[in-house]
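**Student:** Okay, handing you the structure first.
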Amino acid sequence: MRITMIGSGYVGLVSGACFADFGHTVTCVDKDAGKIEALRNGVMPIFEPGLDDLVESNVAEQRLSFTTDLSEAIQDAEAVFIAVGTPSRRGDGHADLSYVYAAAKEIAELSAGPLVVVTKSTVPVGTGDEVERILRETRPDGTYYVVSNPEFLREGAAIGDFKRPDRIVIGTDDAHAREVMSELYRPLSLNTPPLMFTGRRTSELIKYAANAFLAVKITFINEIADLCEAVGADVQEVARGIGSDNRIGSKFLNAGPGYGGSCFPKDTTALVKTGQDAAVPLRIVETVVAVNDQRKRGMARKVVTACGGSVRGKTIAVLGLTFKPNTDDMRDAPSLALITALQDQGAAVRAYDPEGVEQAKGMLRDVEYAPNAYDCVEGADALVIVTEWDAFRALDLSRVKRLLKEPVVVDLRNIYRADDMKRRGFNYVGIGRP
Ligand SMILES: NC(=O)c1ccc[n+]([C@@H]2O[C@H](COP(=O)([O-])OP(=O)(O)OC[C@H]3O[C@@H](n4cnc5c(N)ncnc54)[C@H](O)[C@@H]3O)[C@@H](O)[C@H]2O)c1
């Protein structure tokens, strides 16, 4: 089949490359000429493990191409995906749908169809109806089938998630759209069919409910971690103790500095707004949003305490900037709030991240970037581990201890064992452990 992908970011590029790998012919479009130019030269605009090889092989097979020109890309397409950003709208926290609506308008201006228009961006309930209205208003003679198909991939594991999803949710009541979507995903359905068809509004809500539920789970264990610290219990054992109950499940029970990233913060906030607009306040999610916001900046208090009550004039080494490992994505990363809070209290911050530094440079001020973990800690008054990159899991601890001015380690991901660190002479603080 011929597919057009509007938006070649984390979701559009990965989805486009994976659809091409299934055998479809995919054109990825983006307004960002620099991004398209890079892709045409075989340079990935984002860091995602395995993506460069996948793109290279499908470009070589002529199943995948890149353009800034939607009019060229949309000709002969049977389906066009909208995979543009839906960030938080400034000021009120609603999802900003201007990119989605602009894409819908462009589609109708350039093609009368018949065309299946698939919203892959995360969009609030009812957006599909508005996309349909825009298409019909712009092109009254056009034939469009508007489908919701939210994406559940995780950055850092995106290709595996796209190719081996737990489920694929498709929101449409239309028989033709259903047939086209089934055909697009058929290569995935050979063993077990993961397709789940629902109404369009239900599909839109599933995506938000999924992200909100995961955010609740993370925030719950984070609060339990605080309680563990107060009462002398160990959150990792609590997590194991409850997670082995398969009604609860062991995933998303790692206590840490609070959730961040390109999805959970904006999606939880947008869901709260949807609830308020529908006069159904989602009190649990509202609380989770507030608790998590406070937690990210609050992590600085842990560092200050570990440093003896003040960080003024001290140098703090930060390992890990991205919101999780194996991505370069810095959007709403906990490191941003933490570093700013430390700087506000008079600390100098030196940081290292394997992939996130370029994005971080545009979001943080006055941070010194080190070329590796050891240069980062040299002469620092404390080390703070913020993101659990594999490269930080087996640091040469004797070397770290020699390099640090003070042997203070604040491990916000609990990647080291407290007893072992104490034995090595560190003043070590984790999350939710005695
Ligand atoms: N990043 C994730 O892990 C993830 C996972 C699931 C769902 N989502 C959702 O997918 C959507 C996209 O997220 P992302 O992280 O890929 O965003 P992104 O910002 O990385 O990419 C969006 C791209 O769309 C382009 N764009 C915007 N308007 C355009 C237009 N009219 N024509 C062509 N290109 C246009 C932008 O230039 C940008 O490159 C969001 O709604 C997000 O919530 C993201």
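Each Cβ is built from the backbone N, Cα and C atoms, and glycine gets one as well.
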**Student:** Starting from the NAD(+) binding annotation in TrEMBL that includes Asp30, Lys35, Thr86, Glu155, Lys266, Arg331, which of Thr119, Thr122, Thr127 is the extra site residue?
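**Tutor:** For NAD(+), TrEMBL names Asp30, Lys35, Thr86, Glu155, Lys266, Arg331; of Thr119, Thr122, Thr127, the listed one is Thr122.
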**Student:** Which one, Lys105, Lys207, Lys401, is listed by TrEMBL in the same substrate site as Phe152, Leu153, Arg154, Glu155, Phe252, Leu253, Asn254, Ala255, Gly256, Gly260, Lys324?
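**Tutor:** So the substrate site in TrEMBL includes Phe152, Leu153, Arg154, Glu155, Phe252, Leu253, Asn254, Ala255, Gly256, Gly260, Lys324 plus, from the candidates Lys105, Lys207, Lys401, Lys207.
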**Student:** Sequence order is fine: just name those binding-site residues in Asp30, Lys35, Thr122, Ala255 with a Cα within 10 angstroms of Cys263 (active site, nucleophile).
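**Tutor:** Passing the 10 Å Cα cut: Thr122.
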**Student:** Can you tell which of the binding-site residues (Arg154, Lys207, Arg331) has the fewest other C-beta atoms within 10 angstroms of its C-beta?
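**Tutor:** Ranked by other Cβ atoms within 10 Å, the binding-site residues Arg154, Lys207, Arg331 bottom out at Arg154.
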**Student:** Sequence order is fine: just name those binding-site residues in Phe152, Ala255, Gly260 with a Cα within 10 angstroms of Arg331 (NAD(+) binding site).
**Tutor:** Gly260
**Student:** Any idea what the Cα distance is from Lys35 (NAD(+) binding site) over to Arg154 (substrate binding site), rounded to a whole Å?
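**Tutor:** Cα-Cα distance, Lys35 (NAD(+) binding site) to Arg154 (substrate binding site): 21 Å.
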**Student:** Reduced to three states, what secondary structure does DSSP give Lys207 (substrate binding site)?
**Tutor:** helix
**Student:** Per-residue pLDDT averaged over the domain 'UDP-glucose/GDP-mannose dehydrogenase C-terminal' (317-418) comes to what?
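**Tutor:** Here the predicted model's pLDDT, averaged over the domain 'UDP-glucose/GDP-mannose dehydrogenase C-terminal' (317-418), is 97.
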